[in-house]
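To start, the structure under review is shown below, and the notes come after it.
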């Protein structure tokens, strides 16, 4: 999505869309390969996975579980891009297919969150005395809310004309279908923010009064904290724009406003006066003039606040990183795999802020964060390759 939006901030070069397509196709290939493998492993060894102790043994597996529906939502977003760019015609049902896939992915993400909360609330063994055991439930909840925030972001994107990339093009499905997507996404972001604030309160208590920095094996765990903020901030910006274009669209030319409410009219007026108009009914929605601008401003302000909180956690994460490096306790493990995703989430928020505010500052911040996310991605690929060559990496519980 970031690579598709870069031309809108005057960053464009040949092959930019191809790079985005490569990432999407990589997502499709990995999803198609590992989904049946995971289901097969779950069927063969159910007690290894559907059990509470796994949260203590390997919190990252539980925290990464919501990224499964995130990957599916990414495929729905790619389908929206294919339609918005004119590669297939939405009238042939492709837009409805994307619409249905979004609802499936969103429900999947929501069910994942409730499953995580249910498992955590139903057992007491996760309340361990070790630092790893204390951070494990928090990481799992943050992973869940990040999945829901991603669903809200994708829902807002597919409701925009041209998915926000090509605003001159039409939507991939009708406004009547887009409205429930926008409503549900706004409610989802609200739930995400409430859960995130609760988890952050517990996290600050743990960091300041109980455990201090996370253990060395969870050095990059603080980067998990910025994921919900980045995704929720970007989702709010997209939703504010989408609601202004879909839910509170400007009234047609043959309407007027009475008391802030659009009143459709017919020419001719009462008694056949050609210069007058006669109201034929009153719509139930608020006036676009009264609703669209405040909604966009509220989304913008909340996105700025969430962006500031994300930057705060990011600074703390890098301080922890250098702290472990100075004590020779920094090493690569699977927790580093979350770094590119979470940093890119904040980059997406800053990118849309640069479009909304026409701010060079946010353009520069977007480029810096995008480069950092790409470096982290390349670093993870290099480390995975080295471990695979050395035959030291195996997919099993420890």
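Cβ atoms here come from the backbone N, Cα and C positions, even for glycine.
According to TrEMBL, the features are:
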type	residues	note
TRANSMEM	22-44	transmembrane segment
TRANSMEM	65-84	transmembrane segment
TRANSMEM	96-123	transmembrane segment
TRANSMEM	135-160	transmembrane segment
TRANSMEM	180-200	transmembrane segment
TRANSMEM	221-240	transmembrane segment
TRANSMEM	297-322	transmembrane segment
TRANSMEM	334-355	transmembrane segment
TRANSMEM	361-383	transmembrane segment
* **Candidate ranges 135-160, 297-322, 361-383 - greatest C-beta contact count to the transmembrane segment (180-200) (under 8 angstroms)** => 135-160
* Asked: Among 65-84, 135-160, 221-240, 297-322, 361-383, which stretch has the highest count of C-beta pairs below 8 Å with the transmembrane segment (96-123)?
  -> 135-160
* Asked: Okay, the transmembrane segment (221-240) and the transmembrane segment (297-322): do they have at least three CB pairs under 8 Å, pairs separated by 6 or more?
  -> yes
* **Tertiary contacts of the transmembrane segment (361-383) (same chain, 6+ residues out, Cβ under 8 Å)** => 2, 9, 11, 332, 336-337, 339-341, 343-344, 346-347, 350-351, 353-354
